[in-house]
Amino acid sequence: MFLDILLYCLMSLYIILLPLMPNKVNLIGKSISPADAILSVIVLIYLLKLFLCRDSRKKFVFGIKDFFSNYLTIFMSILALIMLFSISYATEKGLALSETIRFITYIIIFFIIKYENKSKGYLKILINSYICSVFITSLFGIYQYFTGFALNKKFIENYGYAKIKIAANMDNPNNLGAFLVLAIFPVLMIAIYEKNKLKKAAYVSLTTLMLIDIALTGSRNAIVGIIVGVVVLAVLYSFRLFILLGFLGIIALFVPQVRERLLAITDKTQNESRTYLWEIAKKMIKDHPLFGVGNGNYVSLHDKYTEIYPQFKFYGESRWPCHNSYLKIESELGIIGGISFLGILITSLLRVKKFITNVKDEYFKFFYTGFLASMIAFYVMNLVDNLFFVPKTTAYFWILLAICEAGIFHMEHNDNTINI
């Protein structure tokens, strides 16, 4: 019982603190990741539970059987295996190894959340921890806008449409925008669901706060994500949400940061750099169609390819990321990696839709209706960014998906103790 509580406390702490912690800190002369340190303790506690608790060992064995009979987790396993194999031929094996370990940690978190939960209350605690994290990060974003605190100097200049672009502690504005797009529609739907006036006001306020933060990021991609998400949510829930989209559009006309970024979406000059990166990815795919260049190794070979194809070089910069998650996967892991990744994305949507259709608890139904809209928006955003490979953003995609899977798992096995 103590280990159960400790495991959930640490998981909640990890969920709350992940976007707020620095990437690295120096401790006893060594550079370590605080988030990875917490995650390591979570894994150790889980292993200790397996060693000491017979019930945990039973759940683990049952979970392994279920894990390899579920299309979603089968695709996840195949992708992990391809990543491991790619280390053998990657130019930078250390980079390939680190990105592979990162993805495997998502699988571990996913497994623990799905198979170790014991009640609906635990799942709600994890969701509330997530909402708490979103609230703190959103407040930090506003504070950063007025003070410039902890903001990289490259985001403090006159862009024409804004003096600064906030990033909170997410490394760059696009990452923060994606983090908020993942959160905004679930929170909006909880605001619609909530009957308690005080709680409803709190959720509405948080939704508004996130919208303001998204505007202050100056991220075109996040603005597109909001538009896509509202359209999807209107189809899923109520066409009256198109009124909300129209209202937001009118407001956008009076907000210079948003208006200018919307107008810049079709600006060929601003889009040119990304199209060059995509062309390089296509060349890599053509040269390495079966297995790719190795996990994470697009950046390793970028400069080599710009020497071969100088027409795709720009700004004199080196080691540019692909800025498209789908081309990144295909160029680095080949056709099997690409198919397994698409398999994950499609089955994820189907599983979340199944959960929404069958879950009895209205809280989960509304939250995951919003999450489904956020997922589709997030997928679209990954067409122009590597957001699936930003730990502080994509970790929440896997965590929320794992909570959904935990609910489905209990429904499929008629677990009346959780009554979800």
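Each residue, glycine too, has its Cβ placed from N, Cα and C.
Note that this is a predicted model, so its numbers are computed, not measured.
Sequence-distant neighbours of the transmembrane segment (5-21) (same chain, 6+ residues past either end, Cβ-Cβ under 8 Å): 34-35, 38-39, 41-42, 45-46, 49, 112-113, 116, 122, 125-126, 129-130, 132-133, 136-137, 140, 168-170, 179, 391-392, 395-396, 399. Residues annotated as transmembrane segment in TrEMBL: 5-21 (among others).
The transmembrane segment feature in TrEMBL is assigned to 27-48 (among others). Sequence-distant contacts of the transmembrane segment (27-48) (same chain, at least 6 residues past either end, Cβ-Cβ under 8 Å): 3, 6-7, 10-11, 13-14, 17-18, 21, 105, 108-109, 112, 116, 391-392.
What TrEMBL records for 68-89 (among others) is transmembrane segment.
For the transmembrane segment (95-113), the list of distant contacts is 7, 11, 36, 39, 42-43, 46, 63, 67, 73, 76-77, 79-80, 83-84, 86-87, 126, 294-297, 299-300, 389, 391, 394-395, 398-399, 401-403, 405-406: same-chain residues at least six beyond its ends, Cβ to Cβ under 8 Å. TrEMBL lists 95-113 (among others) with the feature transmembrane segment.
Sequence-distant contacts of the transmembrane segment (125-146) (same chain, at least 6 residues past either end, Cβ-Cβ under 8 Å): 8, 11-13, 15-20, 113, 164, 166-170, 176, 179-180, 183, 187, 190, 206, 209-210, 212-213, 216-217, 367, 396, 399-400, 403. According to TrEMBL, the feature transmembrane segment maps to 125-146 (among others).
A Cβ distance under 8 Å defines the sequence-distant neighbours of the transmembrane segment (176-193), meaning residues of its chain 6+ beyond its ends; these are 19, 130-131, 134, 137-138, 141, 166-168, 170, 200, 203-204, 206-207, 210-211, 213-214, 217, 219, 221-223, 225-226, 229, 233, 237, 362-363, 366-371, 373-374, 377-378, 381, 385, 387, 390, 392-393, 396-397, 400. Taken from TrEMBL, the feature transmembrane segment covers 176-193 (among others).
Annotation comment: TrEMBL describes 209-342 as domain 'O-antigen ligase-related'. With DSSP states grouped into helix (H, G, I), strand (E, B) and coil, the domain 'O-antigen ligase-related' (209-342) comes out at 102 helix, 0 strand, 32 coil.
Long-range contacts of the transmembrane segment (222-255) within the same chain: residues 174, 176-178, 180-181, 184-185, 188-189, 192, 211, 214-215, 261-262, 265, 369-370, 372-374, 376-378, 380-381, each at least 6 residues beyond the stretch ends and with a Cβ under 8 Å from a Cβ of the stretch. Per TrEMBL, the feature transmembrane segment maps to 222-255 (among others).
Annotation source TrEMBL lists transmembrane segment at 333-351 (among others).
If you look up TrEMBL, you'll see 363-381 (among others) marked as transmembrane segment.
The transmembrane segment feature in TrEMBL is assigned to 393-411 (among others).
For the transmembrane segment (363-381), the list of distant contacts is 123-124, 127, 178, 181-190, 192-193, 221-222, 224-226, 228-230, 232-233, 236-237, 345, 348-349, 352-353, 355-356, 387, 397, 400, 404, 407, 420: same-chain residues at least six beyond its ends, Cβ to Cβ under 8 Å. Cβ atoms under 8 Å from those of the transmembrane segment (68-89) belong to residues 96-97, 99-100, 103-104, 107, 110, 291-292, 294-295, 297, 332-334, 336-337, 340-341, 343-344, 347-348, 351, 405 of the same chain, restricted to positions at least 6 beyond its ends. Per-residue pLDDT, averaged across the domain 'O-antigen ligase-related' (209-342), gives 88.
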